[in-house]
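Undergrad: This is the structure I want to talk about, given as structure tokens.
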């Protein structure tokens, strides 16, 4: 029997390693003078050079990165929400299920992200706050578009974006377009559920409001899920989404209170008091009420 001498692949590995030193590392391409690299594909030069602290305080970088990454996640949320709305509008629900699940998981990610910002203490935030001016997350056009697509509409919220016509156009379109939930209600009407006509065609700039005929339609779905499985699953995807959205809002409130207490927000709002009022917003009222009425 021949003597065992280490790994049977050691010779090949050694040879490959020698070759790798000359041509790459473990077969990896090392020269990108003529090819697209990882950083090129992701536009990292632009992304990583977009942080410009205005104060000398060390902690401002955290504040900037926290909000910039949130905006990137919101960009993906909007990408998915718009596509989900189009799928529902086209009576094609399975693709919407995947998209809505992804949005919920993004919101879960953003809930956890508040834990990073919460490492900023009140004195640390106070040192950089004067440099923020009147800038505030309240002015995020992407967040406002998300709220409008989910049905929480308010025409007064267009004004903070009037100075940027390209942003105003996006938010205004979301205000005037049926929300994701509106399209679900219209789908139920197309499928024969007795939904009031003024829920199918209405002033889309108005926020979602509870309607008894819509709850009755959802109750029919929930009382016989097997007969209406797609709509039943859609309803649960909506509840998952709003559940995650509520947690995101709640962690926003608690993080702000932890860092600034009840001071007014930089954008002029009442800060924590304003954010607490937003916790009372219900996006899909019939889907929550039916849980009591079942």
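Here the Cβ of each residue, glycine as well, is placed from N, Cα and C on the backbone.
Remember, it's a predicted structure, so these values are computed and weren't measured experimentally.
Feature list, courtesy of Swiss-Prot:
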- 1-20: region 'Disordered' (REGION)
- 63, 64, 65, 66, 67, 125, 129, 266: substrate binding site (BINDING)
- 252: heme binding site (BINDING)
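For each listed feature, how buried is it and what is near it?
TA: Taking Cβ-Cβ distances under 8 Å and a sequence gap of 6 or more within the same chain, the neighbours of residue 125 (substrate binding site) are 59, 63, 259, 260.
Residue density at residue 252 (heme binding site): 19 other Cβ atoms are found within 10 A of its Cβ, drawing on all protein chains shown.
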Undergrad: To see if you understand the setup: which same-chain residues, six or more apart in sequence, place their Cβ under 8 Å from that of residue 65 (substrate binding site)?
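TA: Listed in sequence order, they are 51.
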Undergrad: How many whole Å apart are the CA atoms of residue 67 (substrate binding site) and residue 252 (heme binding site)?
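TA: Distance (Cα to Cα, whole Å): 12 Å.
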Undergrad: Given the binding-site residues 67, 129, which one's Cβ is surrounded by the fewest other Cβ atoms within 10 Å?
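TA: Selected from the binding-site residues 67, 129 on minimum Cβ neighbours within 10 Å: 67.
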Undergrad: Taking the Cβ of residue 64 (substrate binding site) as reference, which residues of that chain separated by at least 6 in sequence fall under 8 Å from it?
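TA: The list for residue 64 (substrate binding site) reads 51, 52, 53, given in order along the sequence.
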Undergrad: Within 10 Å of its Cβ, which one of these binding-site residues (63, 66) has the largest number of other Cβ atoms?
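TA: The residue with the most neighbouring Cβ atoms within 10 Å is 63.
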